[in-house]
Amino acid sequence: MSTVEMEVFSNSQLIVLIILMLIGGEIFTSMVGLLFKKFQFKKMENKISSLADNDPSTCQSSELEMVEKRDFESLESGNHETSLDSSVDLLKYKSIKFLCFVVLGYFIAVQVLGVSLVSTYLALVSSARNVLKNKGLNSLTFSIFTTVSTFANCGFLPTNENMVIFKSNSGLLLILIPQILLGNTLFPSCLRFCVWFLGKFFKKVESDYLLKKTSEVGYFHLLPSQHASYLVVTVFGFVLTQFILFCSMEWNSAGLHGLNSYQKIIGSLFQTMNTRYAGESIVDLSALSSALLVLFVVMMYLPPYTSFLPVKDDEEIYKKKRNRRGRLLENILFSQLSYLALFTILVCITERQKLEEDPLNFNVLNIVVEVVSAYGGVGFTTGYSCDRQTRPDSNCVNKFYGFSGKWSDEGKIILIVVMMFGRLKKFNMDGGRAWKLL
């Protein structure tokens, strides 16, 4: 959701934006928090190391592993009295340290692979390469920018038209689809799989601890096994529902005109994948049916780790949170629809004159899409078109930027508050856990 045309940025400015997206992405910021947590246990490790220096026999790694395993098994059996606090703390420290390396490796590997695949595609497919050449964009910069933005779910692209100009490049869309999922909705499930897989070869004790003691670790992206499994079903269930509705209603629409059946299928899949936080688009959202826009609004509203089925761990967390904070504060924190309604009303007030003078561009549904998109950090926008003006303005020029680019300064300030508020609420909900649909 940009309020300026992206092609005005120079190559060096795009590099700055890449850095900002890298360090501002949710996985990177959560990794920083995990590092702080690891440092909290550093003092305990130093204490145990000093004891090992005094007693060389404790330096044997095999013996240390046996102690860790014994303590972990005693914790599992409920026999806390037989476990040594020092070794338990050491096991927790080493587990968090191991998790830091897993998250860092995941963060780097997925994006390096993405950049490599996008770069290779651009080198092999002349139609995509010519688009960048005509726009004066560097291929490597485009590859890095697109991959980082997609993985971090920013929705920015160096092109003014977003992905509309690449809607016939099905290979590029297929490369970006995994980046969308791996960087957001499926990150907890993939992270849990990585911990399990790596634990099969090394760091088995730490891996077992992370998989069985997720609440002890306190990393909100590391979900319990049941929740992670339900999450996969939910994500693909949402995608399938949107895909069927999108194809049935937009198959012969102007947005997909000129594409063959295969390209329409891949384009529709890519579009529906983006409704849960990525925000990239191959069609003009303002041209979609109202039913689809409402469905997209619901998808943008839902938290990333929403689950179809109730999860026992989440129920326990919710009950503890309720008892701790009290009913009044709980109602304030969980009334998200009330906040969204309030923000929408405020925007309608600030833009009331344009709502009267330009009703086809400035209507309540378009404003709701913009507000909920900002709240969910998605980046979808219906845009603004001079062709839809009921009172044509000869000075109006069609530009490729978000609908909010035409808002007043007051409306833009409200939207900034919405984005900040949405990000804070995301981390406060159930300690970072997801909502449940049933």
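Including glycine, each Cβ sits where the backbone N, Cα and C put it.
Per TrEMBL, transmembrane segment is recorded for 12-36, 98-124, 136-159, 171-198, 228-247, 282-302, 332-350.
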Interface check, the transmembrane segment (136-159) with the transmembrane segment (228-247), three or more C-beta pairs under 8 A: no
Residues from the same chain, set at least six apart from the ends of the transmembrane segment (228-247), whose C-beta lies under 8 A from its own: 181, 185-186, 188-189, 192, 264-265, 268-269, 271-273, 275-276, 291-292, 295-296, 299, 305-309, 311, 434, 437
Long-range Cβ neighbours of the transmembrane segment (171-198) (under 8 Å; 6 or more residues past either end): 25-27, 99, 102-103, 105-106, 110-111, 114, 117-118, 121, 125, 128, 146-147, 150-153, 163, 207, 210-211, 221-223, 225, 227-229, 231-232, 235, 266-267, 269-270, 273-274, 276-278, 280, 282, 304-305
Positions whose Cβ lies under 8 angstroms from the transmembrane segment (98-124), at least six residues beyond its ends: 27-28, 30-31, 34-35, 38, 132, 139-140, 142-144, 146-148, 150-151, 169, 171-172, 175-176, 178-179, 182-183, 190-191, 194-195, 198, 203, 206-207, 210, 217, 219, 221-222
